[in-house]
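A quick write-up on the structure given underneath.
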Amino acid sequence: MAIELNVGRKVTVTVPGSSANLGPGFDTLGLALSVYDTVEVEIIQSGLEVEVFGEGQGEVPLDGSHLVVKAIRSGLKTADAEVPGLRVVCHNNIPQSRGLGSSAAAAVAGVAAANGLAGFPLTQEQVVQLASAFEGHPDNAAASVLGGAVVSWTNLPVDGKSQPEYSAVGLDVHEGIRATALVPDFHASTEAVRRVLPSDVTHIDARFNVSRVAVMIVALQQRPDLLWEGTRDRLHQPYRADVLPVTAEWVNRLRNRGYAAYLSGAGPTVMVLSTEPVSDKILDDAREAGLRVIELEVADPVRIEVVHE
């Protein structure tokens, strides 16, 4: 029988955004970044109240279809807990639909909030599993949960009926690595950008990416001088160039100048990983072209604070 949680209990969750793929690690590699959404969740007498401030304000639903709300309910169900009502207040700083893990952060925030409300019965692995289920892949969600860099993977059910299993392990990131995001002023649909990918790839391209993922893991942990080589990719970015021409242009421009630039997630954000700042000239040119420049650091894991018992 589900446990009824007390009215007045309140938690605050701070969740980092993330960059997925990191070039070759399609649906596998992720990196938590220092741009954060904060979600306040309180148990109330009845009903549902949702407020959104910042990114997505006036654009996202304010009812039970809001992703944070759906994730809270998923977390509560798994924790075998019930609430009479919820007040959810979202303070969003992660640009939405830009390839910076905003939807994964929302899912992580919801599941983490439910875990805090219920007294933390869920393991870290369960939080990754539940949040990743909303995405269909674990790279962004795992990065937001674990912080730092992650290697993640999916095991599909053999019976075709049960849910996929999502798993991840964290990597210690070299302390000198920083990130610079160039964010275009338009959205990218993850579904649309995925549709352009081929169902099959050549063995030589698969072999190329396997080697670059291995290089990227070493680059992130020990050898940041290998970041340029480690961000090379043949599985997804070449196919997405036609639907994201602005992104492709900037990725190529930066890479031609020696920067480890890649398409962040499904885009359209261009991400640069480096140990030195990107040149002021390039950043000024990006701003003049209408791109928002965000200087970022590698982020710590999601934080859950119980405000009121």
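Each position is counted from 1, following the chain as shown.
Here the Cβ of each residue, glycine as well, is placed from N, Cα and C on the backbone.
If you look up Swiss-Prot, you'll see Pro95, Gln96, Ser97, Arg98, Gly99, Leu100, Gly101, Ser102, Ser103, Ala104, Ala105 marked as ATP binding site.
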Name the residue among the binding-site residues Pro95, Gly99, Gly101 whose Cβ has the smallest number of other Cβ atoms within 10 Å. Pro95
Excluding Pro95, Gln96, Ser97, Arg98, Gly99, Leu100, Gly101, Ser102, Ser103, Ala104, Ala105, which residues of the same chain place their Cβ within 8 Å of the centroid of the Cβ atoms of the recorded ATP site? Gly17, Ile94, Asn140, Gly265
Counting across all protein chains shown, how many other Cβ atoms sit within 10 Å of the Cβ of Ser103 (ATP binding site)? 19
In the structure shown, with every protein chain counted, which of the binding-site residues Ser97, Ala105 has the densest set of Cβ atoms within 10 angstroms of its Cβ? Ala105
